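Q: Pasting the relevant annotations from TrEMBL:
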BINDING   Q37, Y38, R39, D40, K41, N69, T108, K138  4-amino-2-methyl-5-(diphosphooxymethyl)pyrimidine binding site
BINDING   D70, D89  Mg(2+) binding site
DOMAIN    7-187  domain 'Thiamine phosphate synthase/TenI'
Amino acid sequence: MSLTRGLYAITDSLLLADDRLLPYCEAVLKGGASLLQYRDKTRDQARRHDEALRLRELCERYGAQLIINDDVALALAVEAHGVHLGQTDGSLSEARARLPQGALLGATCHANLELAAAAEQAGADYLAFGRFFLSKTKPGAAAAPLSILHDAGQQSRLPKVAIGGVSLDNAASLLDAGADYLAVVNSLFAADNAAEVERRARAFVELIHS
Ligand SMILES: Cc1ncc(COP(=O)(O)OP(=O)(O)O)c(N)n1
Ligand SMILES: Cc1ncsc1CCOP(=O)(O)O
Ligand SMILES: [Mg+2]
């Protein structure tokens, strides 16, 4: 399935503790998210494998794609739809070579067009830029200007993902600046119940397709 535009939900092990992972992820998928990233920084390999497998099954039920953050081996083990790698997560070209044909490879490019060009050269399927707004999930992430989205579009035809503090209040500014996907953690998952998560996902998706 090729990438176009949409909502890219990213999990967070703190916000999704206490058995919230599956129901809240199902809620974003019901709300129309097309990409779901499993982002878990713990070292509990057995739990990570189990959760990733369940999320892959869930994504398949909703016609969405599961992307594994940081970990090519886990993506291969659970037959995920793809992997997202940052600048310190290993070689993109090696990941490309290890992944099966058709698997998605995403790359963090911060606010740097040279990183974007290198990622494209290495075989990335999308380019992620940010953080654009203050992020509760990753408060130390370096700021990126909205103009990087426009500039990246001049250089590449690959889909551009915007990340960092994305909310329903600022989403339109990112879409206007050229974002194809909105990658969101806190504004989706910091919610009291799954119905609210679904409502927020639906609102993002409506904005993206309006
Ligand atoms: C879609 C998307 N964009 C950027 C990131 C950040 O990746 P990275 O820089 O490797 O930081 P961590 O997420 O691993 O802390 C991402 N995960 N997803
Ligand atoms: C992983 C990552 N990389 C840059 S900001 C960020 C976190 C995004 O989470 P939130 O949507 O809560 O700001
Ligand atoms: Mg990473």
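Glycine too: its Cβ is placed from the backbone N, Cα and C atoms.
Where the annotation comes from TrEMBL, it is an automatic prediction and has not been curated.
Can you tell me where each of these features sits in the structure?
A: According to DSSP, K41 (4-amino-2-methyl-5-(diphosphooxymethyl)pyrimidine binding site) sits in a coil region rather than a helix or strand. Just so you know, the Cβ of K41 (4-amino-2-methyl-5-(diphosphooxymethyl)pyrimidine binding site) picks up 10 other Cβ atoms within 10 Å once every protein chain is counted.
According to DSSP, D70 (Mg(2+) binding site) sits in a coil region rather than a helix or strand. Under 8 Å, Cβ to Cβ, and six or more positions away along its own chain, D70 (Mg(2+) binding site) finds R39, K41, V83, H84, L85, G86, D89.
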Q: Based on the record's binding annotation for 4-amino-2-methyl-5-(diphosphooxymethyl)pyrimidine (Q37, Y38, R39, D40, K41, N69, T108, K138), what whole-number value in Å is the widest Cα to Cα distance?
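A: Taking every pair of listed residues, the largest Cα separation comes to 17 Å.
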Q: Let me make sure I understand the structure: which of the binding-site residues listed (R39, K138) has the fewest other Cβ atoms within 10 A of its Cβ?
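A: Among the binding-site residues R39, K138, the lowest count of other Cβ atoms within 10 Å belongs to K138.
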Q: Which binding-site residues from the set D40, D89, K138 come near ligand 3, judged by a Cβ under 6 Å from any of its atoms?
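A: Going through D40, D89, K138 in sequence order, those close to ligand 3 turn out to be D89.
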Q: Considering only the binding-site residues Y38, D40, K41, which possess a Cβ situated under 6 angstroms from at least one atom of ligand 1?
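A: Within range of ligand 1: none.
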